[in-house]
Amino acid sequence: MNPRWTACRCAAAATVLSGLLSGCGGPLDPKTDDPGTLVVHSSFSPGTPGADVYAASIREFERENPGTEVKNLYNQGELFNVFETARLADKEADVVLVNLYDKSFSWTGLGATLPVNEYLKEWNLTERVRPSALKAWTDREGRVRGFPWSGFSWPVLFNTDLLAKAGVDEVPRTLPELREAVEALRAEGITPMAIGGNDWSGQKLLMQIMQGYMEPRVARRVFAKAGYCAEPQAMRGLRLFTELRDTGLFGKGAQGFTADEMNAEYFGERAAMMSALTSTIASVPEKVAEHTEAGGLPMPADGQYGKPSVYTGDTSTGIWITPNGREKIDKVEKFVKFFYRKKSVQHFVDDSGFKLGLRDQKGSAGFPLVTESNEVSEGDDVARVVMPDSHVPAAASAPLNRATSIAFSPGASPQRICRALDVAYKS
Amino acid sequence: MTTDATATAAHGRRRPGIPLGRIAAQLCAWTYALMLLAPLYYLLVSSFKTNAQIFDSPLSPPTSLSFGRFATAISDARLDLAIANSLIVTVSSLVLVLVLALPASYALARAGGRTARVIERAFSLGFLIPTFAALLPTFLLAAELGLFQTRTFLILFLPATSLPLAVVLLTQFMRTVPQEVEEAARMDGAGSVTILVRVYLPMVVPGVVTVGILSFLQYWNEYLYSLVLIGPDEAQRTIQVAVPLLRSSLETDFGVLAAGTVVTLLPVYVAYAFLQRRMEGAMIGSAVKI
């Protein structure tokens, strides 16, 4: 074929295709400038936890509000960067549904999102929010960064069948019991605890074990400003971590695993324990969930917490209003009120296993293990340790996850681990 | 006598056999081919497996050949729209880069002065600009022009990134066209545009194909600028921005993710298969000329 004609045909085809598809109303027409369109940026992309319920809720919202169309923008890990770039160009979405983590801590202070204190009052939503959630979303200047929405529990899951197979009849609640369980499970060829030593899941477990000997105020300071090597309590916690690691608590190659491999290990019943976030708990296969028990991570008797520990938090997802959203505040109000409505919220609780930071919601009907985990995490049998994400600076988050991998590497000493953690804050 | 006979027989046996060097070369070639094929094989078989199967036995063949994960990947990440957007961006940019690079290369190939050499070197300097270094000014330019979050800006921007390579390559190809052919055309009354289109273009088709396929691969696989400049809107996003939506930090169906990745590779494979012979011909032709 004559190359000139090929080039011409390609150009013509591209032009025609572009015109056909991107014209008004076509599937490739962005429509983001339409005043009747509310643009919502979130991580609820199809196929992710809660996405089906979210899509159904949006359809219901549009039915209830004729003339308002919701345009969804989705991102996963890149959401923070994409939002910030769009904000710089004044092209950000009207509403953002995202967790309070990493870069989003600074958004309200920088004017990238609006404080919602006044809207909470004007729209009569303050009473709907649990006090702990309101506190978590309020910054030092008293600004509520966004409407608190979903939260999380982060207990440890125990596969009671695998424990029983190894002769362990009770879920371990103390360190000596945990060591005995590890030994028994190892003897049976079962991995005691699944973990993603190369990502956030490993980082949280490392810091949870480390807190065995750290006072909450010390933990908050160290997580915020580093200085792990210089802090005796942190070093004692790291020694505990390396001792547990060296007794065989984690599986082979844990330092290279991510949360996905961790889930596969536990869901495939090859590991007897797993530290699990609410969304992960909701994904536990039914057959495994039947013989799974939620509990806390055993902590040292001579440490800061006399009970097994868990993480809990109210910062999973918030509803943020952007400066562009202010221009469509009437639509934003309807949207927020819809997503605060008991019926809408219960839909997420029942069908997606979400934990909401709102008052008067019943436990999940469809996810009993999630309900059990929430009850355990908020009960008196466990202690709640400091959540690192609320204190670690945004710039250190990713390097800290990478440094965690060193901690899970066999033979890594507490000194080597603390140096890696300290260096992560200088990245 | 016996020893001599044995040696002669051994010598006689070795001669018609395959030389050791050739065996080693073939071994290396096969190893290299397998190294290239292994990830593709892994990707393909993973598209038909559950997460548990992928983690338990990553290289084993799938137990069923259901295309459900391909359908899920396409519908979840709207890969249909993403492919359309990628085609619009890639083909438009490709046409633009050729429209700009061909006359520039023709002029540089035929000009013999110092200025031409300086301009040619200036084009070569384009290779020195790191991708990340240009991101911020490019974003500011897009925002200033009101073209942020549009395909149009990317269509204008991508050719700029590949223009240096296109001009340098095409200039070399055009220099191989004998001067006499152009002189003959001029004597017949042809102008510069006619000479470029009717004389040079047919003679540098291998070069155009080479530039085309290299640019196609670059545009199709471009991620960073597409993410930053076009954004996440499914009406506009390219396939490289759409596929990562299948990966969640909390929970990922790796079978669906693998299927989505296979879908992104198909157009590249089709383009390469379509242009492979001409590109290889161009490479061999260049090597012979060197």
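Cβ atoms are placed via backbone N, Cα and C, with glycine included.
Over in TrEMBL, the protein carries these features:
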{"type": "TRANSMEM", "residues": "B:23-44", "note": "transmembrane segment"}
{"type": "DOMAIN", "residues": "B:83-275", "note": "domain 'ABC transmembrane type-1'"}
{"type": "TRANSMEM", "residues": "B:87-109", "note": "transmembrane segment"}
{"type": "TRANSMEM", "residues": "B:121-141", "note": "transmembrane segment"}
{"type": "TRANSMEM", "residues": "B:153-174", "note": "transmembrane segment"}
{"type": "TRANSMEM", "residues": "B:195-220", "note": "transmembrane segment"}
{"type": "TRANSMEM", "residues": "B:254-275", "note": "transmembrane segment"}
**Prompt:** Okay, the transmembrane segment (B:23-44) and the transmembrane segment (B:195-220): do they have at least three CB pairs under 8 Å, pairs separated by 6 or more?
**Reply:** no
**Message:** Please identify the stretch among B:23-44, B:87-109, B:121-141, B:254-275 with the greatest number of Cβ pairs below 8 Å relative to the transmembrane segment (B:153-174).
**Reply:** B:87-109
**Complete:** Near the transmembrane segment (B:121-141) in space but 6 or more residues beyond its ends, with Cβ under 8 Å, are 104, 108, 148, 157, 161, 163-165, 167-168, 224-225, 228-229
**Fill in**
Long-range Cβ contacts under 8 Å made by the transmembrane segment (B:254-275), restricted to residues 6 or more beyond its ends, are 40, 43-44, 46-51, 54, 69-70, 72-74, 76-77, 79, 83, 86-87, 209, 212-213, 216-217, 220-221, 239-240, 242-243, 246-247
